[in-house]
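*Asks:* Checked Swiss-Prot, it gives:
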TOPO_DOM  1-56  topological domain 'Cytoplasmic'
TRANSMEM  57-77  transmembrane segment
CARBOHYD  115  N-linked glycosylation site
CARBOHYD  182  N-linked glycosylation site
CARBOHYD  224  N-linked glycosylation site
CARBOHYD  257  N-linked glycosylation site
CARBOHYD  313  N-linked glycosylation site
CARBOHYD  337  N-linked glycosylation site
CARBOHYD  365  N-linked glycosylation site
CARBOHYD  400  N-linked glycosylation site
CARBOHYD  430  N-linked glycosylation site
CARBOHYD  451  N-linked glycosylation site
REGION    454-606  region 'Disordered'
DOMAIN    455-513  domain 'Collagen-like 1'
COMPBIAS  485-519  compositional bias 'Low complexity'
COMPBIAS  526-535  compositional bias 'Gly residues'
DOMAIN    544-603  domain 'Collagen-like 2'
COMPBIAS  545-558  compositional bias 'Pro residues'
COMPBIAS  591-600  compositional bias 'Pro residues'
């Protein structure tokens, strides 16, 4: 199928069946449905209705134009028929009058000889000549009225020619509108291809989004795995710290026991200070034991200090680890919020993209159906316009032919009128010559009657007819009289038979491009179509710029109560207080063991 202009030149070729078939293969068809039934108020139906109404208006306009042309043609034919009948009637009347005048003039001589009333008849010739002049003036008035009617017919012919030109211009505008429709179809096809490209880009972006979702899920899974490992590591560290706290508590209890022992030893040493001299051997052993115990206590103190340093290091490490855990929890919570927000935004974008794709598919389907219907309808309109154009061309050809025939008949009528005027001039000159001759004869008769006696004899027989005199010299042409009043219109004559159709004339030149028409009304929005199938994921896109810093979050709930901390270091011994009052003497203890023998004393030499 090819869409051409109405002019028949074939220059406005725009859309072919192959292109439409290719477009049908590329574009999926989605019916304009609404819950399983066709939509009652789709844009395609409204556009079809508006197009039908516009075409009906165009047909009505063409029908009115044809009726007007037919009425004008009938009026022209009636006027021409009435003119021809009036001219034929006037011609026949004047022919009859001229024949009668010739007969009367031929019968003047015998009447003048036979009857004496010839003078009276000669006296009546003056008013008859005046009547003839009046009739000639009436003929001139009729001819002037006929000229006016001829001018009116020429004006009607000009009106018909202008209407034919307007029809040709309208046909040119129709061809131009068809060309514009072809251009708009090309633009629609380009838009459809652009929509296909955008759908392909959207499919690629959806693929990228799904790939990013998979990557985010993998990252979240990895973060959860690392969080589990760190939690297990923290539990192990907590177990070790618990064990170390237990050992430290044991060491502290041992240290407290030792301090109690030392305090008891001090009390015993004070109590046994008086008996030191007696138990020197036990004191040496006890001093050795005390030195050993002090060394062991010094070692224990050093071990306790090392353990305290280790515990300080462990506590600082635990604090750092706890801070790292808090940071990691904060980052994980922030990442989870960001992922949730991104997933929500992605879901919103996906929903909006699905809605847009659905609307795009519905629009593509509607435009496809509308374009197909427009092409079919434009093809029908083109055929009807070409048929109407051919019929109009034939009618205009017949009308031009009839106008040319009418012009030929008017030329013939003018020639016949000129011949009639020449004949009338010749007859008037002959009449003037006859009148002059009759005046001369009248003068002769008057002289004869003067010389004749009163007695009157019987009239003699009529004499023979005289010879016709020579033609006189042609007189000067008289001035044109004033324009007479237009005569009344005669009765309409019967319509003549229709002539044979003539040969088809050559194809006329293409008219100028008409003005651009007014833009049509905007159609209503179509209903949403069914969603299309899900596309393949596209390639991964570039990393976007970091978003703006969000507002500070709301304070979180208070955490659970922590475990009791490790006991702090033992403080330095305070200042020695004032000595208290002397206590009561205690119970005398049992006698001690006998001490070892003392060293031998030195011998004095007094």
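Residue 1 is the first one shown; counting continues down the chain.
Glycine residues also receive a Cβ, built from the backbone N, Cα and C atoms like all the rest.
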*Asks:* I need the CA-to-CA distance for residue 337 (N-linked glycosylation site) versus residue 224 (N-linked glycosylation site), whole Å please.
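*Replies:* If we compare the Cα positions of residue 337 (N-linked glycosylation site) and residue 224 (N-linked glycosylation site), the gap is 15 Å.
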*Asks:* Would you mind giving the whole-number mean pLDDT across the domain 'Collagen-like 2' (544-603)?
*Replies:* 65
*Asks:* Long-range same-chain neighbours of residue 224 (N-linked glycosylation site), Cβ under 8 Å, sequence gap at least 6?
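*Replies:* Looking at Cβ-Cβ distances below 8 Å from residue 224 (N-linked glycosylation site), excluding near sequence neighbours, one finds none.
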*Asks:* Looking at the glycosylation sites 182, 257, 313, 400, 430, which has the shortest Cα distance to residue 365 (N-linked glycosylation site)?
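*Replies:* That would be 182, the closest of 182, 257, 313, 400, 430 to residue 365 (N-linked glycosylation site).
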*Asks:* Roughly how many Å lie between the Cα atoms of residue 430 (N-linked glycosylation site) and residue 257 (N-linked glycosylation site), rounded to a whole value?
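*Replies:* Each residue's Cα considered, residue 430 (N-linked glycosylation site) and residue 257 (N-linked glycosylation site) end up 186 Å apart.
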*Asks:* Tell me which of the glycosylation sites 182, 257, 400 ends up closest to residue 313 (N-linked glycosylation site) in space, Cα to Cα.
*Replies:* 257
*Asks:* Do me a favour and check the Cα-Cα span between residue 182 (N-linked glycosylation site) and residue 400 (N-linked glycosylation site); whole Å is fine.
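*Replies:* Answer for this pair: 35 Å between alpha carbons.
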*Asks:* Can you check which residue among the glycosylation sites 257, 430 has the largest number of Cβ atoms within 10 Å of its own?
*Replies:* 430
*Asks:* Report, as a single number, how many Cβ atoms besides its own are within 10 Å of the Cβ of residue 400 (N-linked glycosylation site).
*Replies:* 16
*Asks:* Starting from the Cβ of residue 182 (N-linked glycosylation site), draw a 10 Å sphere and report how many other Cβ atoms land inside it.
*Replies:* 20
*Asks:* Judged by the number of other CB atoms within 10 angstroms, which among 337, 365 is the least packed of the glycosylation sites?
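*Replies:* If we count Cβ atoms within 10 Å for the glycosylation sites 337, 365, the smallest count is at 337.
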